[in-house]
Amino acid sequence: MPGSANWTADRFYIPDTLANWPWPRAINPAYEECKAASAAWCEKYGAFSARAQKAFNLCDFNLLASLAYAGLPADVNRVGCDLMNLFFVVDEHTDAMDARSVQDWVDIVVDALHHPHTPRPAGEPKVGEIARTFWENGIKCMGPTAQRRFVETFTTYLQSVVTQAQDRDKHLFRDVDSYMEVRRDTIGAKPSFALLEHDMELPDDVFYHPLLEKLREWAIDMLILGNDLCSYNVEQSRGDDGHNIIRLAMLQENTNVHGALRFVSKMHDDLAEKFLSNYQGMPSFTPQIDAWVTRYIDGLGNWVRANDSWSFESWRYFKGDVLRVQAERWVELLPPAPKDELTSSIPPESRWIKPAVEPSRARPNNVGIVALDTYTPTSEDDFQTLAVKTVSSLLSKYNINPVSVGRLDICIERAADPYIIYALRDAFASAGNTDVEAIVSSSKSVVGLFNAINWVESSSWDGRYAIVFAGDLSSGVSAALVGPDAPIVVEPTRGTYLGDPIASTDEAQGSYIDSLFQSYSHYRKKHPQFSKTSGAPNGAHTPTTTNGSIKSNGFVSGDTNGHANGNGHVQTRSSTPSSSSSSTSSPSFDYMILHDRHGKIPTGAGSIYLGLASLITDIAPETLAGKSIGVFGFANSTSTFFGIRVAGDCSVICKQLQA
């Protein structure tokens, strides 16, 4: 590196980390042919605006593939070109997404890889069809082992992109070691290396030999450092350098960009020395396997050279200044990019997934119930099986990736099943997700719902959903998915009443009614503008059907006076039939129809959700839209009155509840 006298605050020097690298630059002879075919394939999906497509083409990701796969057959090189284009379509679009949206995107791509011969559904984000057609062509020139390793490593790559988005959403800056651990997947090298095996059948004990594992890691780390050295200037200009080792080294080492460059250059030199000292040290197996191993390691070394050559030959990082930078290696620090340029590369029609949470907001909007499912127990169901069935059904019906769930709130009538957490754990662990907070609450179903909502709205939220499971064997169970941008929004105002303990069954009815009026009174003091005269139903968590409609009894406009009897309990003017029925004309009974299907539900932990499910299925979505609904929850004299608002279309939930 040049002397420090030449360094200034507005320019920096990129060291030549491969000056003594023994692999020379080479290019696949089918480069031009593959470039034309792959570019046409990528462009037909309209992933970018016309202006951005032109810039995308100047980056020439086909050149990167043709440098990396210089010695491979033309058909494999074409697949490599398609892969590089797919990588950078993913990179450009997910950089503008929040973590939840990236996870939705990832689910589509993974599904496409597993169904390469099945056209994607109409209206789905285009990335699904891009990934499907890529892999449909890719499997034609890759053997079974290479195919398996590609799908495994590409899936890992995609999940790491979600992690990167989570870091971005939380403005998280990792230390260098933690960053390298994540970046080894986000750089996409592992699936790229799978193409080197296109005609090989390396046994797992050879492929995962400790030395070959280290050679792969050292090669990947050199790719990371080389890429970040060249991409830093563009990324710092966009304010997107939180996932770049130069920025992280500056923070960790408390230095400026020049000090960080020295730090990273030394890291690269150490890695190169390790690779060159060990790449010929693999033990011997069979002549065929030895030949494959030698060719594979040669491919790793060539990849390091290819990435460096492409970085200084395409317009990706240095645009029209690429030849000067290649010769001199001095880079002028770019000023911050205008905000309207940060997403201009993506046309509005191609911003395929709407972000769930805008990073500029302090907390997510419209937090509530995103999805809902219920289950009626049979005589053969035990509670653990019932819980797994219901949660699994929710995930399946709404096509929810278990990895996108970060919290479980379990509400049960009695804390009689301490192993329910372990039963539910398997539904997530089988998908590779053991990073799930799990909390058990007894009796009061709204506690789980409020806890889940508070988590989503807190600084601890990591961008994933929460699931609230509630119920018991006698009344039925439910599972609710809680997250932002929900069609059923739980309003923040709550009225809570902590009454006297219930000593007997005879006291329960009076305590229930007293708690209803007291909690509603507290609610109105906090939210006086709320009115039940809007025509919306009122849902009550009712221990029996004899409690009837809470619209009656002067329970309008906060009139809770004149209803207490000599025992201090609130009496009702009975206007309720002896049983609930779907034919009743009172809208209040719509919320209690499900009670009839499950028998006379006691103070079951899941009855609020079962009543809500009844409301959604029995009232047309267009009628419910925009309505505010009062909800009352009660458990052993502890009660809460709160409101929910139907902020979106409930038709999907309605359809799935009836499925």
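Cβ atoms are placed via backbone N, Cα and C, with glycine included.
Swiss-Prot lists motif 'DDXXD motif' at one of the ranges 91-95, 166-170, 376-380, namely 91-95. Counting Cβ atoms from all protein chains shown, Asn227 (Mg(2+) 3 binding site) has 21 others lying within 10 Å of its own Cβ. Under 8 Å, Cβ to Cβ, and six or more positions away along its own chain, Ser231 (Mg(2+) 3 binding site) finds Asn244, Arg316, Tyr317. Sequence-distant neighbours of Glu235 (Mg(2+) 3 binding site) (same chain, 6+ residues apart, CB-CB distance under 8 A): Asp241, His243, Asn244, Arg247. In sequence order, Asp228, Leu229, Cys230, Tyr232, Val234, Asn244, Tyr317 are the residues of the same chain, not among Asn227, Ser231, Glu235, whose CB sits within 8 A of the CB centroid for the Mg(2+) 3 site.
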